[in-house]
């Protein structure tokens, strides 16, 4: 099951200087520009060389993350992955936490749904958000409490285009949603693009439970995983709703951050 859910954190601006080599056959100018933009947003620096200006180093990081041959060259497979809808958080190997491992210090985390999609009944959105949070909550010593007014730790909503957080949505496809790591202000908040077609899994469109579970993982402090079976894998795909669950990689990551729930099932 591939999961491409979309989220955003405070991404650092970066400059791209060196041209990208490519395999025989060439790429269109649009693909070239898309590749540079993709690497700029999702691979902020090379973990070994720390060369923030080397596009080739960034491309190698991407190829390593997705299990591709590490050539540092653009090819059709790389472009195919770059064109998939995905989350706005940079990629790392296996499970990861945000820099400095931000997390909620209170054992009770509040959440509020401030706006809803037109695609689903309010009661369905409420149920799926609760289910997504409980998937994480049953593994860690946190409790989630819904509030209906005021400021909650996690503010959840649907919006189109620019919506006040410097990360405007881009219409159908591409960026589906974004979320912020635990903290003050926007910290923990999760936003979903209302230009998408959201479903409960019973019709064509983006399965909201999949997206919400991924985004709320970010709201709890989780980064991306390179494990294709993980909820925190950066790309989206419709799997079997009846068998949707956290992977061992997801559980290992969230318990690294918060510890195990006393009644969490043994692994």
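Just so it is clear, glycine is given a Cβ too, placed from its N, Cα and C backbone atoms.
What Swiss-Prot says about this one:
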- 215: active site (ACT_SITE)
- 87, 214, 218, 224: Zn(2+) 2 binding site (BINDING)
- 153, 185, 187, 189: Ca(2+) 1 binding site (BINDING)
- 163, 165, 178, 191: Zn(2+) 1 binding site (BINDING)
- 170, 171, 173, 175, 193, 196: Ca(2+) 2 binding site (BINDING)
- 85-92: motif 'Cysteine switch' (MOTIF)
- 1-17: signal peptide (SIGNAL)
Exercise. Could you state the CA-to-CA distance between residue 163 (Zn(2+) 1 binding site) and residue 193 (Ca(2+) 2 binding site) to the nearest Å?
Worked result: 10
For this session: Would you mind pulling the DSSP three-state label for residue 170 (Ca(2+) 2 binding site)?
Result: coil
Seminar exercise, completed: Most isolated by CB count within 10 A, of the recorded positions 153, 165, 189, 193, 215, is 165
Problem set entry | Averaged pLDDT score, the motif 'Cysteine switch' (85-92) | 71
Exercise. Cα distance, residue 87 (Zn(2+) 2 binding site) to residue 175 (Ca(2+) 2 binding site), nearest Å?
Worked result: 6
For this session: Taking the Cβ of residue 187 (Ca(2+) 1 binding site) as the centre, count every other Cβ atom within 10 Å, in any protein chain shown.
Result: 18
Seminar exercise, completed: Around the recorded Ca(2+) 1 site (153, 185, 187, 189), other residues with Cβ within 8 Å of the Cβ centre, ordered by sequence, are 154, 155, 180, 182, 183, 184, 186, 188
Exercise. In which DSSP state, out of helix, strand and coil, do we find residue 214 (Zn(2+) 2 binding site)?
Worked result: helix
Exercise. Including all protein chains displayed, how many Cβ atoms other than that of residue 171 (Ca(2+) 2 binding site) lie within 10 Å of its Cβ?
Worked result: 12
Exercise. Listed binding-site residues are 153, 189, 193; which of them have CA atoms within 10 A of the CA of residue 218 (Zn(2+) 2 binding site)?
Worked result: 189
Problem set entry | Close in space, distant in sequence - residue 170 (Ca(2+) 2 binding site), Cβ under 8 Å, 6 or more apart | 193
Exercise. By a simple count of other Cβ atoms within 10 Å, which of 163, 178, 191, 224, the binding-site residues in the record, is least packed?
Worked result: 163
